[in-house]
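Checked TrEMBL, it gives:
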- Asp36: active site, proton acceptor (ACT_SITE)
- Asp176: active site, proton donor (ACT_SITE)
- Ser9, His67, Gly143, Phe144, Gly145, Gly146, Asp176, Gly177, Gly178: substrate binding site (BINDING)
- His34, Asp36, His67, Asp176: divalent metal cation binding site (BINDING)
Amino acid sequence: MKVPVIAPSVLAANFSRLAEAEAAIDASGAEWTHLDVMDGHFVPNLTFGPKMVSDLRPLSSSVFDVHLMVDNPGDFIALFANAGADYITFHIEAAVHAHRLIGAIRDLGKKPGISIVPSTPVSFIEELLPDLDLVLVMTVNPGFGGQALIPGCLEKAKSLARIRDERGLSFLISVDGGINAKTAEKAREAGVDVMVAGEAFFKAQDKKALVALLKGCTP
């Protein structure tokens, strides 16, 4: 079983202490930082813009994984690419011209990803898979942290892993929502490459131990 990358989500951090939150991510052994950008339209919550990403960027060597939960994602790609994103993921449900958005992300030297909400089937994005570096499977309905994982969503991760193997593709599979010490094992069994962890990470007393546990690296 592969050892997944862990991507703590700053959505669950104290927004008045984000520099400390990023330092905690770096010290924990987590490789990525997940940054949820919400516009109050595609999802009912609001979070932050590109300035926050650009302010955090010099503080960390972490891979910055920007997740655009926004309408009209094409309006945001260059802003977050210039702010320091490494991966930029948009929702297929918000995209009219997905191929164009993928190309725009690549043209800016970034890695493109697509996310699907729990009600969207894998078949909806299957023809795009050869063009992607990341597929983000939402395992909760997007917009707020602290929700319980929807178990059936892990079947999508399994389907994606099977398609990837059958077609010789190389995109990463990420899951976001309800990841904690209890659900991580099932996510690993589903073949995921990246686990986004929010409240479980920032509420943990020993973040390094939690990251090891999520990875399945503890005895």
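In case you wondered, yes, glycine gets a Cβ from its N, Cα and C as well.
Those TrEMBL annotations? Automatic predictions, nothing curated.
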Specify the secondary structure state of Gly178 (substrate binding site) as given by DSSP, simplified to three classes.
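It is coil.
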Could you tell me the C-alpha distance between Asp36 (active site, proton acceptor) and Gly178 (substrate binding site) in angstrom, no decimals?
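Given the Cα positions, Asp36 (active site, proton acceptor) is 15 Å from Gly178 (substrate binding site).
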Among all the protein chains here, how many other CB atoms are within 10 A of the CB of Ser9 (substrate binding site)?
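So the number of other Cβ atoms within 10 Å of Ser9 (substrate binding site) is 25.
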Given the active-site residues Asp36, Asp176, which one has the fewest other C-beta atoms within 10 angstroms of its C-beta?
Asp36
Measuring Cα to Cα, how many Å separate Gly178 (substrate binding site) from His67 (divalent metal cation binding site)?
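Roughly 16 Å, rounded to the nearest whole number.
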Hey, for the divalent metal cation site built from His34, Asp36, His67, Asp176, who else sits with CB inside 8 A of the CB center?
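So the additional residues around the site are Ala7, Ser9, Leu11, Leu35, Asp65, Met69, Thr89, Leu136, Val196.
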